[in-house]
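Visitor: The structure's right below; bear with me while I get my questions together.
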Ligand SMILES: Nc1ncnc2c1ncn2[C@@H]1O[C@H](COP(=O)(O)OP(=O)(O)OP(=O)(O)O)[C@@H](O)[C@H]1O
Ligand SMILES: [Mg+2]
């Protein structure tokens, strides 16, 4: 087991009166995929927003390489090597692959006030980066990002993060909107990132996807870590039950019938 | 990588943002050439639409950049007369050197732009509303001050020969020197948008402002600078008109608002930001000016020009959407995602 890059120590998060996370303790290690599992509204997205600098913990500490850090902005988290890839990958659909790859860190050539954006270099680097993750169908850096498939866009975004030196990769339901083949693409790329020594935090509602890449699993139930285990320590059925909020599938099925009969219980929480 | 020069193929040409605008321009040009007869394409005819295009174009380019960056500036409608009145009051009414009048007009444009920009980035109120406010505020202030200072709403200005030559001259008796300023502005902004790294910033901001900021782009500063540029461009057009026509009026700019937006949209800029080109804006401006002026060379009543412009705008938007879809989905494979 390698040393942890990021760890959370007794982290709590509340929004005003609403307590969302309670006493979270977690380690994110280099070359490992941490799968965050849990029902809708369990607090998974909130937890990673703490890591990506969008929110700050109400109490508790986030440590990087053992030293406490304050991640006050997404920019700061990114500077420290924590990269968040959003569900739809590239956020600039009408920019070319090469241009979007280098947003904010544009390579230029020339001198003085006549420095020009080095399109050829940008395209080459971007295409090479994404191809090195096995997406060989991307060959032209002038293509617009919006013309790529969902999986390709995710791959491009991950390749970009890795290229710019990310150490921790955060993926919130990257496979949720993807078909089987596209999802397999993304999972392969997650494995490749792991092989390169990155730490990956991966949120998914699909047990198969979690088991395909996960080394370490944390199950959140109502904002607390209900279970924390490593690969091979639990069966698929046990994990499925945990993901459903600790209830077994059998109880769930019974309760679904209950919903049908009466409308008494809480309605199912909407997806985030 | 497989295609060493992807920009040369027909497919690549069709994917460029200005292809639709070029076809539109060609269509109106041929139309007015046929119906307008030889006068339309004669030097005098060409001058009539090039002169209109030049002053409109100088304003349309920064408006287009703002739209690409996801903002809008309609206060230019007051900044054009504010620029000409400032210059005329200072250098005409008070008789100060013309450079002072020019400098003051440009400074006013920059200041109104700065106010627009600061309000937009600090309050997060949509820029349409912010600049609607400054449009009226500047118009009111201008009218009030003009009456207090000069007692009229129209001021005479007699500029010296140097200023006339640079800003208010008719080349060959018909072509306004503004045309060259327009070409220079287009070349400058084309460099900024398409070749410098700042162009990438502007495109990224229009695509997704939050991601652009997280990627390290100083989005607030870029927004403010773009507003300052549009304010200064409008003031520049205003002051050069005052020098050209030897006088300035309080109310002489509202038509620029819609005309500039039409030119930009016909030029292929996406209203929601993130996409567009300077060349396209130039083509859109030319198209607008040709329809606007070409009508006088035909046998038709000039009132039909608005109908043509309206239809042209709708066709341009539809056509640009089609070309954009083609740009997005060009790939040797089945599935193209929507924008
Ligand atoms: N900014 C906020 N203000 C108030 N409450 C919030 C805020 N953000 C999240 N919450 C609440 O925190 C809880 C956890 O939300 P979160 O989005 O982290 O869940 P999740 O585990 O990602 O769920 P899903 O699987 O549906 O994406 C929810 O009840 C949500 O309403
Ligand atoms: Mg979530």
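Backbone N, Cα and C define each Cβ position, glycine as well.
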Visitor: Checking feature assignment: transmembrane segment per TrEMBL, candidates B:170-193, B:194-217. Which range matches?
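Guide: So the range that TrEMBL calls transmembrane segment is B:170-193.
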Visitor: To the transmembrane segment (B:102-121), which of B:128-150, B:170-193, B:222-244, B:278-298 is linked by the most Cβ pairs under 8 Å?
Guide: B:222-244
Visitor: Take a look at B:21-41, B:47-69, B:128-150, B:222-244, B:304-323 and tell me which one has the most Cβ pairs under 8 Å to the transmembrane segment (B:278-298).
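Guide: Comparing B:21-41, B:47-69, B:128-150, B:222-244, B:304-323 against the transmembrane segment (B:278-298), the winner is B:21-41.
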Visitor: Assess whether the transmembrane segment (B:47-69) lies in contact with the transmembrane segment (B:170-193), where contact requires at least three Cβ pairs under 8 Å among residues 6 or more apart in sequence.
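Guide: Answer yes, regions in contact.
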Visitor: Quick one: find which recorded stretch in B:128-150, B:170-193, B:256-273, B:304-323 has the most Cβ pairs under 8 Å with the transmembrane segment (B:222-244).
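Guide: Answer, by Cβ pair count: B:170-193.
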Visitor: If we call contact 3 or more Cβ pairs under 8 Å (sequence gap 6 or more), are the transmembrane segment (B:21-41) and the transmembrane segment (B:304-323) touching?
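Guide: These two segments touch.
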Visitor: Using a Cβ cut-off of under 8 Å, list the residues of the same chain at least 6 residues beyond the transmembrane segment (B:170-193) that approach it.
Guide: 43-44, 47, 50-51, 53-55, 57-58, 61-62, 65, 68, 199, 202-203, 233, 236-237, 240, 244, 277-279, 281-282
Visitor: Using a Cβ cut-off under 8 Å, which residues of the same chain at least 6 positions beyond either end of the transmembrane segment (B:304-323) come close to it?
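Guide: Cβ under 8 Å, 6 or more out: 14-15, 17, 19-21, 23-24, 28, 262, 265-266, 268, 270, 284, 287-288, 291-292, 295.
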